[in-house]
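Lifted from TrEMBL, the feature list:
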- Tyr179: active site (ACT_SITE)
- Asn222: site 'Transition state stabilizer' (SITE)
- His349: site 'Interaction with DNA substrate' (SITE)
- His349: active site, proton acceptor (ACT_SITE)
- 452-568: region 'Disordered' (REGION)
- 495-535: compositional bias 'Polar residues' (COMPBIAS)
- 542-558: compositional bias 'Polar residues' (COMPBIAS)
- 559-568: compositional bias 'Basic and acidic residues' (COMPBIAS)
- 595-644: domain 'GRF-type' (DOMAIN)
Amino acid sequence: MQQTPTRLSMENPIKIVSYNVNGLRQRVSQFGSLSNLLNTFDADIICFQETKLRRQELTSDLVIADGYESFVSCTRTNNKGRIGYSGVATFCRVKSAFLSTEVALPVAAEEGFSGFIDRCRRKEGLEEFEKDELVKIDSEGRCVVTDHDHFGAFKVCVSDFEMELMLIILFSTVLFNLYGPRAAHDDTERIEFKMKFCKILQKRWENLLHEGRRVFVVGDLNIAPTAMDRCDADPDFEKNEFRRWFRSMLVLSGGLFVDVFRAKHPDRREAYTCWSSSTGAEQFNFGSRIDHILCAGPCLHQEHNLQGHSFLSCHVKECDILTEYKRWKPGDTTRWKGGWGIKLEGSDHAPVYMSLEEIHDIPRHNTPPLSARYLPMIHGVQQTLVTFLTKRQGATQIQSSRISSSFSDGDATVKACSKSMKRSFNECSISHPSTSPSCSLTEVFDSAISKRDENSKDLTDENQGCPDTKMILQSQPTKLVPAEGTKKKPRKSRCSQLSLRSFFQKSPSLGTDAENSSTNASPSQAESNTSSYLNGSHAPGNKSSSPKHCQLNPNAGSQDHDKGNDGSIEREKTNVALLEWKRIQQLMKNSIPVCKGHKEPCVARIVKKPGPSFGRRFFVCSRAEGPVSNPEANCGYFKWASSKSQHK
C-alpha cells in the first residue's frame, strides 16, 4: 500500500497584531464598540496588553464581539494598592467557533504561563521554582497562551481511494501574549520580580522549543534591547541587566529567537512604539521601541532542515509599526504647551503587526474552554433570558420602602412600603380639631400605623432588606431618612408624603399657619413633633398641640423682610472674592519664570515620587520633549519653586 503525503491546498495569509491599549474600556469608547476597534486592524489574531480590567469588570461589550473568540487574563492581586492594572486579552477572528479548521482559532488556551492559574499544575521545565513564586508571577494577569496547533495539515492518499487523515505532527505553534512588568532603577522589589518573571518565561520557552514546537512572543515587554531602540540612550544604556537578557535570547547573540521587526528593518532608526504621555514626546517622536514580535522554531516546509530554510525567511512576509494609531500625527495643529490643548484620543503606544504567508488550515476543532464566552459573568449576561424578564431586586426594594400619601375628595391615602391605607375625613370635624371627640389628628395617625402593622408581615417577606425609616412632617413632601449606619439613599418619590398642610385643606388660614410652621421649624423640631404625634402624646384638648397653635417661629415675617439686605451682602462678598482671586492669579503669573531657551513662561510641576523632595514644586520648559538637536523641542530648563508645598 503506497502512501503519498501531500499538503492540503487551502492556504491563508495570517496577520497578527500586538497593541498596548492603555485601558481597553477607553479604546472601546473611542471607537464606539469593540467590533469597530477590532475591525480596524483587519487581523486574524489581535493581542491587547494593559487592558486594566478586573475579572468582576468583564462584560460582554468589552470582551465579546461578533466573529471573534477572546481569551483574557486579569489582575488577581492588589499590588501597592493598585487594582485593575495590567491585564491582557487575545482576540481570534473566526468564521465558526465550532468544528472550525481555521488556524486563528486555537486548539488550546491557558491563562498565565506557570500552569497554576487555570490547571493548578506546574508546567514542565519549571520544577526549580517554588509554587508561591509561580503563583505570584501569574497573579498580575500578564500572559495568555494560545496553542494554534501546527499551522499546517496533510492528507494521505491510500491506494485507489483518498482518505483525509490529519496527522497531528509535533511542530505546533504556541503564541504568548505578554505584558512585561516595569521596574524603576531604584525599586529593588520590582526589579527582583521582573528578573524572576524573565527567568521563568525563558525556562518555559526553552522547554517548548525542546519539544519541537514553534514559539511566538508578542506584546509590550517593557524592554528596549539596544541603543537604536531608545531616543535618549546614554553610553551605559545597553548594560542594563534586562536588556542584556533580552539580547541573549536572540539569534544574533546565540539564542533561539528572532526579533522580527529588527530582522526586517535592521537599519531603521527612530522606529518607536511608545512615547511619554506626560511630556508630549509624541510631537517630536521622542520615544522607545518596547513592543515586540519574536519567533523561534522551524519553518513549515517538510525540508525545513535544509540550509536557508527558517520561519522568518519562508513565512514572514512583513513586520512593521502601525504609526497611524498614534495620538499625535505630523501636521496636527495641536501643540504641546505644558499639556495638550485638547484631549488626544488613543493609547500612548502604537500597534505592531506581522503578516505570515503559506499558512495552512488545521484539523477541525472547537473553541477552548478558556474562551470568554464561557466565563460565568459573560455566560449569564448573554444567555440567560430570565434576567430580561424579571424585575430587578434593587428597584423592588426601593419601591417597597417608600412612604407616600395622596389626597383626593377628602380621602387620605397613606402608603407605607407600598401598602396603601385609606381613611375618610368625612367623619372628622376639621373646624374644631382640638375639641372634637369623634376624630383627631392622633386618630388619623393611629389608624394609618395600625394598618401598616397589619401588613408588616407581608412587607417583611417581600423585602427583608428595606432599611429602617423615619417620617418627618414638613410643608414640603417628606423624604425617607435612613437609620444610622446605612449609606443607601432611597430614591425620591413623585407621590408626596404626609404633610401638615393636607389636614387643613378646608381651612385656608389654618393651612397657611401650618405651612409657615413647618417651613420655619428645624429638622430636629419637626422630627420631634412627628414622633409625639405618632406616640399619641398630643391630646385632643391640648391647645398647644392643636394645629391652630403650630407656629414655631413668630419672627418669620421679619426674616422675610431682611432677605433683600442679605442678598445684597452676598453679592458684595462675591465681588470681593472675585477681585481677590484675580489678584492672586496675577501674582502667580508674575512669579512664573521664563525658560532660557525660548523665553516662554514655564509650567509648574510637583514631585510625586516618594523621597526627600516629595511634594516640592518646580518649573520646567513648557514645550514638548524632543531631541537636544531640535531647537523647537524642550530646552531642558528647570528651576525649583521658592518653598515646599505644605502637606498635612
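Glycine is no exception: its Cβ is also placed from the backbone N, Cα and C atoms.
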Cα-Cα, whole number of Å: Tyr179 (active site) versus Asn222 (site 'Transition state stabilizer')?
8
Give me the DSSP three-state residue breakdown of the domain 'GRF-type' (595-644), ordered helix, strand, coil.
0 helix, 18 strand, 32 coil
Does Asn222 (site 'Transition state stabilizer') have same-chain partners at least 6 apart in sequence with Cβ under 8 Å from its own Cβ, and which are they?
Gly180, Pro181, Arg182, Ile290
